[in-house]
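Annotated in Swiss-Prot:
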type: BINDING; residues: 24, 82, 122, 435; note: (6S)-5-formyl-5,6,7,8-tetrahydrofolate binding site
type: BINDING; residues: 229, 248, 250, 253; note: K(+) binding site
type: BINDING; residues: 229-234, 248-254, 273-276; note: GTP binding site
type: BINDING; residues: 233, 254; note: Mg(2+) binding site
type: DOMAIN; residues: 219-360; note: domain 'TrmE-type G'
């Protein structure tokens, strides 16, 4: 059972062995770790080089740096102490084993430092989600987007929207409370409606970009499709830079979906090799064809490969057409085709450039504000309530005010002011110990 009154500790840097290991302690007794192991606590935010010793015996554990960050001016909002050690496994184990013996100290649970930062008002829910995304970011676009989120880009936008919404609500409530007293202007709902309409426009713009944010966060899917023996697996291997797929002149060799992860245009991409699309009586191959169609339909971009100009299915949305085996056929291709030879590499750079261009159109530009389905749903709820408030006829200010209050509550859900515990539990399960 975890208690917020405990002082928690953990290795907060990367996996050992490493050049330097950082052990962090946070909680009401964090100072005592410095006194017990180093015999001192340095001034706030000042590093001191000290000998760390086992309390009682005086045995030397290591020599390193000690820093102290008193709450609330710390990452967690609590007193926090850091020990910067040599990154050997035995050194780290010895220090952790010593800390666990101190009264009131216990090992931190996964994500517990961040949970305390949230509880102490250092981070809101959107920022915690951004930090979770930053920890697992693989591509440059994911890093930039997660960093913007964890730095409060969405939180600041929501705070501004909420402030304006509360101002509009106050105007409507003033109309309700004081309209008969002559202390307020006759038409306060007009400015309130204007503000609500402006908010609707801004939320609509943010939501229109949500799909891009979620795509960048999750990574893009590019499916390689085409008839059997069109060179799909050969192209996959060429783009992956390794022999990821079996290549055979026998049509129907690829029967299942094969995935390779790579980066293009700063984006995380899953490249999917699919079974050749054709009619077949082979039950296993037929299942592969079915799966290929499903993956192609759910992908962000389809590369349609053919060595003879076979057209893609009419229900396939705007594929990038690629004429393969140029080294064998010598074909020049149609105007909308890119001609390549995956064997010799001819045309591959042109193909990659076009793939990167299309990925840039789908996921480029400044980081999106909305990056998760939960955020999108909450903002959609706020937009719905604002639209409902604007639809209210005059002289029904009570109902209009209620819709504005519900819109404010929906905005609160974005940053975790309400209904937050279940989301936090799910989030912190994805965090590492020490974060």
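Backbone N, Cα and C atoms are what each Cβ position is placed from, and that goes for glycine too.
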Fewest Cβ neighbours within 10 Å, where candidates are the binding-site residues 229, 233: 229
Rounded distance in angstrom between the Cα atoms of residue 233 (Mg(2+) binding site) and residue 24 ((6S)-5-formyl-5,6,7,8-tetrahydrofolate binding site): 48
Residue 82 ((6S)-5-formyl-5,6,7,8-tetrahydrofolate binding site) - helix vs strand vs coil (DSSP): strand
Tertiary neighbours of residue 82 ((6S)-5-formyl-5,6,7,8-tetrahydrofolate binding site) (same chain, Cβ under 8 Å, six or more apart): 12, 22, 23, 24, 25, 65, 66, 67, 68, 69
Among 24, 232 [binding-site residues], residue with fewest other Cβ within 10 Å: 24
Residue 122 ((6S)-5-formyl-5,6,7,8-tetrahydrofolate binding site), number of other Cβ atoms within 10 Å: 19
Secondary structure of residue 122 ((6S)-5-formyl-5,6,7,8-tetrahydrofolate binding site) (DSSP, helix/strand/coil): coil
